[in-house]
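The following features are taken from TrEMBL:
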type	residues	note
BINDING	14, 40, 42, 43, 208	Mg(2+) binding site
COMPBIAS	18-27	compositional bias 'Low complexity'
REGION	1-38	region 'Disordered'
């Protein structure tokens, strides 16, 4: 249907490949000058096969290597939509987590306290309150990571060693969900405060970012390739909204710049200089 409507566009799908000029596999970057649809019919396949609802359908539209439109439908029954310059929405309600628009609150005073859980009886009241609690220090953060399918001894040591460094440095918790797309979405929603990948061979793929990265940017969160020195993405108002490379080997996504700086320092130390271009 997409190619019937847009015959000059191309499609990338995780689950399929074709020698057609309009449908391509994800093993190599496509012609980024062409409008591209990047589709993952099931992100979080292992969860899906186990009956775990933490999975999703992801559809992203990309122009010149920058995601412009993202649609994600989760197994939890949530619909996430983002359009560059038009905002990010969860079930039709705008998500806005930009630091300048929220109250700066010490997580130690709010998260886990009774007033946090008593934010309101309505779901939207609790979510607004949760978005206002933006941590400024890594020690107050819920950090997400995925180990993927790396099983060689060196990669395991690096991945577990990185988690150990974060725990020793200080964080509120470490979480692993099994869906890279939802990891990024959940940071934008404030359900997590940071997510990273790429310390070993567990770096994500373009279909993990195509829809979610525009949602992250439009919500006001930060996304960057931490393996490339000081490359920081941000809200679409930024003069460098295209700095995040979806074909890069590394990614870090955070709700505040100060947390991003802390986490990137740890990641670079844990991974070693050989990871950086």
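Including glycine, each Cβ sits where the backbone N, Cα and C put it.
Structural mapping of features recorded in TrEMBL.
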{"residue": "14", "record": "Mg(2+) binding site", "CB count, 10 Å": "19"}
{"residue": "40", "record": "Mg(2+) binding site", "CB count, 10 Å": "27"}
{"residue": "42", "record": "Mg(2+) binding site", "CB count, 10 Å": "17"}
{"residue": "43", "record": "Mg(2+) binding site", "CB count, 10 Å": "28"}
{"residue": "208", "record": "Mg(2+) binding site", "CB count, 10 Å": "26"}
